[in-house]
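**Student:** Structure incoming, see below.
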């Protein structure tokens, strides 16, 4: 404190100061003091337990903290997550739609196949080939039916 | 007396069954979701506050009863009875009127283009809300980090984030600028989400609607509870709801109430017709119409409570900051110790200092702080959501959570409205058979969504916001009014009131009361005509202008009033007229084909007579 002189002290803690250089016995130029304070503002603040709002050096604008800049902006990460989920959902919906349609197309032809298979299997039951025509039991010979009998009586 | 429909409308020509709602709740929620949209949050509270608070409810309710509910009932009834989208319905009513359906489809397409652009903006804000501190809480520092960026310093961090970091807006609509890649990504994402939900028509939207229609109500409740506990909320609410009966003498109030009801219920899009067409024929559409319209209005009121408690808090906060700045000037000037003047003492201290040191006080930059001035600073539309509300959220503890909730709510509100618009386009396309039958529904929806996305990229240009405003104000509004007028008149007079009442009696089990018949026949068409004429008169009274964000303007941050250039007005006139051209065009085409057929028949008869 021996090389710092105070003057113009007021009620509110504010004062002017100059810094002297003991070896050369003159005051240091303002520009040098200003750059020194700018570089060490943090330490000065810390020493007084103050911050940029409560400790102000006139004509020395405080350097603002650089914005926190992550390498990948956060919004892109979340966007990527949401977009991937949506694309996967769309693909699943399209695939399930294709599968549903293929199942619907296969159903009528599958029913026909089942009937044929049933007939083929029945004819080789017990190792004895049966006459396929007999398996469709209950066949009426139309030649011996009269007109009235064909229709169900009320 | 009741007659059954001529053919079984459940099956189409090729025996494919028309899709059905899984249950009544899905249909209900879809209609509510379509009706309740962004306008309920950011248009109604603003109108309520500007037009004398509680007094605004009088023209609003009158418009609801005489215009909103009758037209809504008509749409649901014809959709449910004729079981087709808007094009099919109007072709069934009269072949000369099928142009109305085509106009609805074109208009829904145009509106969904810019509506989803707004949803993309909301998505951008939502994605940016997942960080602390929020990106719009502070200005970015300038190059040598001694101060903030000049544009930000002049306006505010929130405005800077909206106009510069989101839109990167140009100072003039002529200057299109380039496409902003981040907005393009958000637009692609929103169209992808819309496609995912609409991919198989009501089969998929019916499942998603449970979330998208109900989530906004949950968030609104949370905001109402949080908002009412914030300091200054009651001041905002009192200011909102204090009725000022003299305002009712201003005809502008009645016009705005009528248009608000009309756009709020999303009438004349064809979306409600499409939704109702998937209903079972014997469904009480009359009760549905009344209930859904009332739910929509109640939601608007509920939302205004939430919005204004938060805005009241913001105004109180700003008022406090204004006082603090003045107090700091006084302390700095007179060398008082820190925090020696409290906000309550400020006026007394100022008077004392003014008496003792008038010259020194006069040279200080003291602003006149009044709470009413801050309460008056309300806005509607994107200004409310992206500037006012985002700033209010900054001051609430746990800001990112509130921002996520708010923008999540806006996103789901916009989505559910988009479902209705998309169904209004896709259902008629499926009914008419635009693509051959073997093309799956997923492909049709995919093509529509892709085409819409490509056309909507023009809104991601730097001048996109200006285009969106003119789209919204001019192209959409007038067309919807005309289409709604044609709807009511077409059903009441062309379809026939008697036939319509018979249909409703068959569907709901009782004939419509004289209230319905009177409103359909006389009151609603007259009201719509009056609104349309008033709208046109107001538009033509002053030249169309827009407010540009120009950092080089002398009165920056006030927006600079500029006139629309000629080519922009021409483009908008084109957009306004094109959808409507279907109506006379199709009627003319029908007339010509009929005439040609009668001539051909007459010639054939002449030939047989002579031969």
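Here the Cβ of each residue, glycine as well, is placed from N, Cα and C on the backbone.
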**Student:** For the annotation transmembrane segment in TrEMBL, which listed range does it cover: B:8-26, B:27-45?
**Tutor:** B:27-45
**Student:** For which of the residue intervals B:136-157, B:290-311 does TrEMBL record transmembrane segment?
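**Tutor:** Based on what TrEMBL states, transmembrane segment spans B:290-311.
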**Student:** Determine which of B:413, B:430, B:435, B:444 appears in TrEMBL for the same Na(+) site as B:33, B:35, B:36, B:40, B:264, B:296.
**Tutor:** B:413
**Student:** Given the ranges B:179-198, B:319-338, B:339-358, which one is assigned the annotation transmembrane segment in TrEMBL?
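**Tutor:** In TrEMBL, residues B:179-198 carry the label transmembrane segment.
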**Student:** What is the set of residues, excluding B:33, B:35, B:36, B:40, B:264, B:296, B:413, whose C-beta falls within 8 angstroms of the centroid of the C-beta atoms at the Na(+) site?
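**Tutor:** Going along the sequence, the neighbours appear as B:32, B:34, B:37, B:39, B:265, B:266, B:299, B:300, B:416, B:417.
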**Student:** With every protein chain in view, what's the tally of Cβ atoms within 10 Å of the Cβ of residue B:296 (Na(+) binding site), excluding that atom itself?
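**Tutor:** By my count, 24.
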**Student:** Does the transmembrane segment (B:253-278) come close to the transmembrane segment (B:567-592), meaning at least 3 CB pairs under 8 Å for residues 6 or more apart?
**Tutor:** no
**Student:** Before we move on, state whether the transmembrane segment (B:57-78) and the transmembrane segment (B:474-497) share at least 3 Cβ pairs under 8 Å, counting only pairs 6 or more apart in sequence.
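**Tutor:** Yes, the transmembrane segment (B:57-78) contacts the transmembrane segment (B:474-497).
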**Student:** Do we see three or more Cβ pairs under 8 Å linking the transmembrane segment (B:474-497) and the transmembrane segment (B:401-422), pairs being at least 6 apart in sequence?
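**Tutor:** Not in contact, no.
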**Student:** Three or more CB pairs closer than 8 Å, sequence separation of 6 or more: does that hold for the transmembrane segment (B:27-45) against the transmembrane segment (B:290-311)?
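**Tutor:** In contact, yes.
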**Student:** Rank B:99-127, B:179-198, B:253-278, B:443-462, B:518-538 by Cβ pairs under 8 Å to the transmembrane segment (B:290-311) and hand me the top one.
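**Tutor:** Selected stretch: B:253-278, with the most Cβ pairs under 8 Å.
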